[in-house]
Amino acid sequence: MQACHNFPDLDSFLVEKIPLAAYYVPEYISKSEEEYLLRQVYNAPKPKWTQLSGRKLQNWGGLPHSRGMVQEKLPSWLQKYTDQISSLGVFGDHSANHVLVNEYNAGEGIMPHEDGPMYYPTVTTISLGSHTLLDFYVPINKECQETQNQDKVASTEEQRHMLSLLLEPRSLLVVREELYTSYLHGICPRTSDTLSPMVANLGNSTAHAGDTLQRGTRVSLTIRFVPKVLKTSLLLGKGR
């Protein structure tokens, strides 16, 4: 599979032999940057954290909503990395304006899902602290379109599992195009991962098929562009 040549700085990191497009950059940040970012995450005020089943998170930049996001200024420790990633051109002419910080303890995960239409169809993720496996799945409705025999449609996550990507600490992952829009993604709640040939980016990583990796606490910075932003003046009823 050939690179699209839209992102010359990323072309050499394209994960091959999978639907377009995933770019995996190991050691995107240094260990000292990782330590700095983790300090900033855990120094955030307690009200910034939201506890969900299987993870907890922080929203930075605003709360995305179907009617529009009331944009908030990003802190400088995040702005540096949103600027860096935006400069790669992955959001077109736009700059990232939203960061979701997730914390996953070993044994935690998130069910297969799609990010939905509130976001520009590209997601970028910096991983901190520990590895994980990001799994991709064929949606049931896509399988229904591709087979004429309803009985053959896979019904379980295991049957619909298409591929996985190993996300190592300090790595950057960019997912866009068909892989972003046509497939579900999730993280299986496990305490360890045995790497199989289904892990599509082993050739881009330091790990090997058959390795078993123990999960620790992982923090992810999910950096995106939210196109629909509300102006504060409109929210306050001004500018009529």
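Including glycine, each Cβ sits where the backbone N, Cα and C put it.
The annotation in Swiss-Prot ties His113, Asp115 to Fe cation, and of the candidates under consideration, His65, His185, the one tied to the same site is His185. Across all of the domain 'Fe2OG dioxygenase' (95-227), the predicted model scores a mean pLDDT of 91. For the 2-oxoglutarate site listed in the record, the two most distant Cα atoms among Asn102, Tyr104, Arg218, Ser220 lie 8 Å apart. There are 19 other Cβ atoms within 10 Å of the Cβ belonging to Asp115 (Fe cation binding site).
Under DSSP, the residues of the domain 'Fe2OG dioxygenase' (95-227) split into helix, strand and coil as follows: 22 helix, 54 strand, 57 coil.
Using a 10 Å Cα-Cα cut-off from His185 (Fe cation binding site), none of the binding-site residues among Asn102, Tyr104, Arg218, Ser220 qualify.
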